[in-house]
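J.: Before I ask anything, let me first share the structure, which is written out below as structure tokens.
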């Protein structure tokens, strides 16, 4: 009920919309809709079909666009920090070479800064591959030159080296390069696997939704509508055929199509006739074989036992039966010997089985004991693994904290350098020159100071002012960096506190899960013990069953002895059977009277055969006619498809938009012919009646309530 009460606007606007709801019969409205649907012309049917195809294709395009947009967003997220990564790699290489120079020369290297050179490339697409390769070559040359100089200095400082050491170093470098290559491949494959798993999840979700739609569509109402559509297609095809025949005089080009259709009809009829001839020939051959068999059975039936005794077939059968009797006697003697040997072997087999069962039982007990020890070892190993994993995670967290602290320390060092520069400028400003000291010794009033001293003092103050202005930017940058680092530190502390709270809560939940898992494990251990006890009991039962089997085999041997006795009785019955055969010969003589009745029945059968032959001829004619009609239907369907494609090709976008504007927004199948008085929105009559019968009495567009009296027909 909840699925049927969903609003139609949401169902039609979503790309994963469910199939249309089942329509319930009420007040005979479905019959009127069916008659309207039947009386529609061929053009309306073609337009409805094309609209449905376009609508389905639109949904496919929408699904594809959603998949492409999701993949584009994913690629955008991946390439968001691409430039920063390249910039960081460049800076890391520079820092690495500087550290090597510092280790070799024990002095700070002078950084060569070229402001006009771009430090990295912001794009590495396929059309920029050459530029990126050139950029990498330049970086490689600069780094290689500096590295060669460093290696030369290191080699000079090391002196003579052992060739074995150099060979080992080269092997280690090659192995490290191969390892890095494998790591890069592994990272790429893991990313591709993650993408494929996401795509598989999306595809499986769509598959389940489509399967659900298919299950909903396989209802009795949908099959009824499909049958109605098929009947309408057949009737419209007949009407279309009549229109084509009426326009034959106006279009002489249809003569070729008509001749082609007639040729196809004749070919179909000829094919059908050939199939009928083949079937008749097969029937004739079967009847001839049956006739020969009946003739062979009738001819010897007229003879007597003496005639049979003088035939060669009887003599050969008699010699064969004597040979068979001798073979049977020989086989009976060998059978008794084999039976005795079989009983001995069965006794040995039962003894061997008992010994084998005892051995297997001992082996299973040993394996169970070993399995218990292995289970305890496994539990101990898992506990140690969990401890190592927790220790590893804690070490990773400590390393991450140390790394972040090192980054903060580097930033503080940069701020310290700015502060040192500002302090140096301040020291330079505060150290007075010699002439300023001489001026400071003179203590006199301002009026008594000469003009030259005032000018010198003014120049000194001007220099102090310039040095202060030069000092202020470095002080401000150092202050800003220190404030930013302090703010980041405070924010990190707050985040750590929140993280600690979350970890404590998670620890409580994990402890609960752990205790529940331990309880479940104890339950499983008890279940395993009970199952083992049951297994031991079942083994005892199996042993008892085996003993029963041995007793059954003994009874089987007794039954075989009884069978031999029954065979001897059967031989006696065979002798009696021969006597009964002589009696049956007398019965055959009596059956000659019945042959006359059979002759009468044959005459009746001949009469019925004539009637059946006439019916078969009529059925052959009907089959030929049906083959012609099938060929005609195929040609008409081809013409219909051709005219439909032409109609679809001639339709413009404006016409398509106007048609979509006139279609009902709920079903997208029928035209708008019914208005709601409350809001003025237009829908088709069938959808409005469906909403009334399903008690969904609200407008799908504005959700205003309406009743049966608020419906108004706009046009017929």
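From the backbone N, Cα and C atoms, a Cβ is placed for every residue, glycine too.
Note that TrEMBL annotation is computational and uncurated.
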J.: If you check TrEMBL, which stretch out of 198-227, 228-257, 258-287 is marked region 'Disordered'?
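T.: In TrEMBL, the region 'Disordered' feature sits at 228-257.
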J.: Per DSSP, what is the residue tally for the domain 'RING-type' (664-703) in helix, strand and coil?
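T.: Breakdown, helix to coil: 9 helix, 7 strand, 24 coil.
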J.: Using a Cβ cut-off under 8 Å, which residues of the same chain at least 6 positions beyond either end of the coiled coil (328-355) come close to it?
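T.: Apart from its flanks, the coiled coil (328-355) reaches 546, 550, 553, 557, 560, 564.
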J.: Quick one: average pLDDT across the coiled coil (328-355), no decimals.
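T.: So the average pLDDT across the coiled coil (328-355) works out to 80.
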